[in-house]
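A.B. asks: This structure is in structure tokens; I'll ask about it shortly.
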Amino acid sequence: MRVVFLGPPGVGKGTQASIFCRNNDFRHISTGELLRNALELDGEMGQKIRKFMEAGDLVPDDLMLGMIESALVDEQNGVVFDGFPRTEVQARGLDDLLEKRNERVDRVVLLIADEAEVIRRVLARGRSDDTLETVRHRFEVYDASTAPLIEYYRERGTLREVDGMGAISEIQERIHNALMDDGSANGRSAG
């Protein structure tokens, strides 16, 4: 199974994806981690990425798709893409990459949460690139780029909306239920 975790910055995608992967023996491909690793190498790629991240902008599609393609390996038990794709262009690129491997995105989990709570969570994690101004800009970018992406997956019948508020274990249970949902509930998971 190939699963995409979507949601605004700070909604808990990384936490929930990590737990899900650990509990289900899936591979966790986190674009945040891939990007931070590229920054640590500090080469030409790292410098390009730093410019976009410090501004709170999305890293260009071609750079992201190249990083994802490099990270993809054959996995028997499944893969979770955390924080990717973020645009419809990236989604189509991911579809193309997976199609070459006779695979597809099986489910998309969209974590939904109150924006004020998510901003509080982001600022509390204390990352150097998490200033209030940058976080607000990330939300603007997320809203602008993700609306078409959400519709893209909704049209394919793979989108499952999950309430991202509450205890981590409660959210994990909602995610599990959403991934088992065959789509007959119009893409919404109880929550």
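Positions of Cβ are set from backbone N, Cα and C atoms, glycine also.
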A.B. asks: From the ranges 30-59, 60-89, 90-119, pick the one that TrEMBL records as region 'NMP'.
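C.D. replies: Of 30-59, 60-89, 90-119, TrEMBL gives region 'NMP' for 30-59.
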A.B. asks: Of the candidates ARG138, ARG154, ARG156, which does TrEMBL annotate as part of the AMP site that also includes THR31, ARG36, ASP57, LEU58, VAL59, GLY83, PHE84, PRO85, ARG86, GLN90, ARG127?
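C.D. replies: The one candidate that TrEMBL places in that AMP site: ARG138.
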A.B. asks: Provide the number of Cβ atoms within 10 Å of the Cβ of THR31 (AMP binding site), excluding the reference atom itself.
C.D. replies: 21
A.B. asks: Between 0 and 100, where does the mean pLDDT of the region 'NMP' (30-59) sit?
C.D. replies: 83
A.B. asks: So among the binding-site residues LYS13, ARG125, ARG127, who's got the most Cβ atoms within 10 Å?
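C.D. replies: The largest 10 Å Cβ neighbour count belongs to LYS13.
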